[in-house]
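What TrEMBL says about this protein:
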TRANSMEM  A:50-72  transmembrane segment
DOMAIN    A:119-310  domain 'ABC transmembrane type-1'
TRANSMEM  A:123-151  transmembrane segment
TRANSMEM  A:158-178  transmembrane segment
TRANSMEM  A:184-202  transmembrane segment
TRANSMEM  A:241-264  transmembrane segment
TRANSMEM  A:292-313  transmembrane segment
């Protein structure tokens, strides 16, 4: 080893060095203003994202209309003012006329009013089904992800079994098990199909958190296990679940419509619902396609609104796009 | 080893520590088909107030050893006696309370800080966990003190980790470790994720804190120059075991193990004159798989001083050797250390082989999962 | 087919015509709703055949972007490149994408930091090496295979014939980097750009790879641009060193000159920041204070001024100009050792 030449002489920095370093706290500058959390910076990004704005606008219009629909609907949805014009042979579905913007259905009920009020049931089913699914999914996923081991294996096998059924078939089975169909059987059926998705997602991201450095750091600090789960793992694992929930609202609405279409929705046929309207429309699909077109269009636009919101939310919360 | 664990200046006494990771295989039922021997029988002692540097290449088990000493990675066997208590056998609340006295500083300052918490709540967490936040005023004063200790302005308390530069984040990580007032800090590659100029700032900070607070450090790093700069004593690891241990200066002046010599000669020195004149010992081949370590001396497959006898049959133990310049605290695990030092045994060529059975050629046996080799 | 590379000069002939001549290279990133960011801000340097030129600096200094811009590998959108990079009489920056593709891999090759992500995980090593030769030299796979085995042997991969059948994940990090170098060498490039080729590797493996690169430059007369953050690597390998800071070259010099007599305070600061194996314990390091977040814009100041211990009044008022030529020089109002 003859690399023992020793360091060659190098000029040392000037005399001013010491004072300059003292003046400039060695760590560099820290801007003196309150910190900005990740959520806040994500929100600031979202506010400028046109995709999010379009999605949010659609959703907002839909929600507001659903809430105020009973008051702004020009006709009572159960009344049949145009029943006189219905001719089962020649004119089963009366067309538009003054006072009836979109005409009426085969029972002479004002189509526009039914479309407006129909949004309520769709929204209620979609939101409650997703919330319920979220609750179940978070419980199962958090249990599996936080405890691990045997609990994880059992929970995940159950979830796998649930996932192996096609969602609609599962919902169909559950809805038909109920003694009599109602709005709530619909909600529970759809929620059940959402549970495994949320559970899997949360469990996966909890596991990722569990092996992350900051959780190890909390462990090494001596933080209580409960606090580690609730303060560190769960909040950091929720991002993808929230995004999925937004996207799930769209599928829940579509599934709700599909189940109603199949006659598993609210048994009270007088109360409008988009899927149910779509189901009634199929008899007249050749003579009066508009009867199917309007509820279908509503379902698509609303689902699109939620999807756009979910996608832009995903982007905003993506750690890779953080600066 | 008959090291006296009750010697007054020893803070940590590690005896026969082993950490094995099972390699699982199977479709329905996981079968353990082997073990990755990340740490395979390590004895070392850290004295109060000193800096012990653990150096080695990736896969040598140094990080696992660091975590196992803190019982963040449960040891498979062996004991870690910290100031009279065996940490390795502690569990649950006892372990959690004991953690107050030994802390860790992580390699990646970004991923080791919870992105959702302000610096203040990060620092409060440790205080709360150990019931040290009883008095609001005292807590505030403590936070200010921590900030000034690590050279950050008090304004930083209300900010989030992503709003800092890499060096500043590492300072926050250090402040968190200090918050509970530990005696021992295990720093796992504390500067390797940082830029050169920032590295030096953090190294100086660690040294200043040691002087001020009387801390004991175990610094785990792959960079021999960094380790040499901050350590009083250095242990060199190869494939899960210590191959040499001595005082920093002595290790540099009188390296006894062939691996230490190769490692030392491979470190680039920012001085062209040194670079042009020095002798390089280039090792051939790769690190063997820790799942299937070579028989005898683990280094014999790559050793330029390998002998026909002993090396591939008998595993050498750490021992003190009689070589001029080597003190009696200088231990080396090599059968022929004296003869290599005296020049009686000369270097020879080593044929390079792919030394990762089970992971190498197409004709190899059961393939171990790649994870087994990553980050061990 | 440019296989028969006519290296006009012998290795080490430093006075010959530059093979690559980069002038006033600027790369500006523009992201929607954000301020422009000058990643590379007027970089000029020459590379001669058989010469190793180092671009050294810390993260964010623009060294990697420089190499990507020369190779035409920057993403198509969101950036603006200006200046010139004359390679063998042609400006690489104005070449069409297809013409650039022909140069890449045959006349100019690049080695990246992370060998695992630079190799295709589902194609065997042999196939990846022969592909380059098929693409640029018009060889058939049969003709290329023995050559690929020769290449692997040349870069020090034991049992090369068997390794041709391996997939990247079956090789260790060092072996992968060797395979990547073999791919880069497949068509005898005249210019090799290595972007932190050893950063992901262990020191003993790094030493092997650096020795290999050194040998290649001497044997083939290939010009090498070495991009690294490690001044130690530079000291052992590079003939000429360019120190980058904030997108500009702040100092340039020959290997010995620069390390013996650094002029720019940043270079000095870097050298003083590095713990040295041959220095005694207890010597305090003297780091550069602050971080790159403290930089000033080059437009009306020296970017380094806020962190500089030698800063004087003009440093925060004017842009320092280049003092020197294409061989040695610095960009500083108040260099170490006075202005002379």
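Cβ coordinates are placed from backbone N, Cα and C, and glycine is handled just like the others.
From a predicted model like this one, the values you see are computed outputs, not experimental measurements.
Two recorded stretches are said to be in contact when at least 3 C-beta pairs lie under 8 angstroms, sequence spacing 6 or more; the transmembrane segment (A:241-264) and the transmembrane segment (A:158-178) meet this definition. Looking at which of A:123-151, A:158-178, A:184-202, A:292-313 has the most CB pairs under 8 Å to the transmembrane segment (A:50-72), the answer is the stretch A:292-313.
Between the transmembrane segment (A:158-178) and the stretches A:123-151, A:184-202, A:292-313, it is A:184-202 that has the most C-beta pairs under 8 angstroms. Residues of the same chain lying 6 or more positions beyond the ends of the transmembrane segment (A:184-202) and with a Cβ under 8 Å from any Cβ of it are 124-125, 128-134, 136-138, 140-142, 144-145, 155-156, 159-160, 162-163, 167-168, 170-172, 174-175, 178, 237-238, 240-241, 244-245, 248, 252, 255-256, 259-260, 264-266. Within the chain, the transmembrane segment (A:123-151) has long-range Cβ neighbours (under 8 A, six or more residues past its boundaries) at 62-63, 66, 158-159, 183, 186-207, 209-210, 229, 233-234, 237, 241, 245, 248-249, 252-253, 255-256.
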